[in-house]
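Structure first, commentary second.
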Amino acid sequence: MIQAEPFEARLVAVRPLSPFVRELSFERADGKAFLFEAGQWVNLVLPLPGGEVKRAYSIASAPDGSPRFDLAVTRVEGGAGSEYLHRLEPGATLRAVGPHGLFTRDPGSPAPSLFVATGTGVTPLRSMLRASLRAGAAAHLWILFGARFEEDIIYRDELEALARGSDRIRYEITLSRGGPSWSGRRGYVQAHVPELYRELAGASGDPAPHVFICGLDRMVSLVRELARGELGVPRKHVHVERYD
């Protein structure tokens with residue numbers, strides 16, 4: 001287990017992922033490698049007018065031994081922390097503490113996995129996917145991503161390209177409020193989990209793929225109960241990360 005430690009983080013790049021989500025790329029200001037496991041998170045210490053606050057963000061990038069790491073931040077109206085981060089420009093520095101978290105996956109594991117996410121819950125799963133590809137693992141990794149509107153989909157082009165480039169990666173999107181032009185899946189993620197889980201078991205030849213679930217608490221609870229109940233997924237094969 002990598003020990004969490006405090007360090008100064010410098011913002012080096014910003015890019016929009018959706019109308020409300022920005023990717024913030026940081027690096028350790030001391031130039032040391034930022035060591036973490038795919039799926040972990042980091043605390044940022046924000047100097048707000050009312051006093052310092054800590055905000056936790058999952059790491060979207062895969063470990064590569066460099067000082068750099070990426071975070072995806074949703075701007076919440078009236079949310080002082082997210083609005084502060086959305087105003088930051090490259091060159092700004094913040095105190096950070098990390099890495100933290102047990103929501104991890106061995107990048108070299110051949111075990112098939114269904115990744116289920118909504119919103120920025122896809123970020124630690126993106127990290128796991130990229131870490132597995134870097135390790136050359138032969139795992140079937142399927143992603144089910146849920147959003148309200150098409151404009152809310154983040155990392156879409158990247159994940160679609162990865163899926164096109166490998167017969168072991170599948171990327172599915174479902175929209176709860178998709179417009180008339182949307183031709184993909186509709187509804188909430190839990191409506192599609194049973195079908196995809198059973199298909200993954202058949203495609204991989206493994207009767208009990210792992211399930212990694214990340215997003216808001218209610219979705220995580222519903223999918224976890226579905227996996228453990230209707231689908232009979234072994235307890236040790238169900239992994240969750242809940243966002244407030």
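The backbone N, Cα and C atoms fix where each Cβ goes, glycine too.
Swiss-Prot lists Arg55, Ala56, Tyr57, Ser58, Thr120 with the feature FAD binding site. Applying an 8 A CB threshold to same-chain residues 6+ apart, the list for Tyr57 (FAD binding site) reads Trp41, Val42, Leu44, Leu71, Ala72, Val73, Thr123.
Regional average pLDDT for the domain 'FAD-binding FR-type' (4-106) in the model is 98. Residues or ranges marked as domain 'FAD-binding FR-type' by Swiss-Prot: 4-106.
Sparsest Cβ environment among the binding-site residues Arg55, Ala56, Ser58 (other Cβ atoms counted within 10 Å): Ala56.
Residue counts for the domain 'FAD-binding FR-type' (4-106) under DSSP, helix first, then strand, then coil, are 8 helix, 52 strand, 43 coil. In sequence order, Val21, Ser58, Ala72, Val73, Thr74, Ile154, Tyr243 constitute the residues six or more apart from Thr120 (FAD binding site) in its chain with CB-CB distances below 8 Å.
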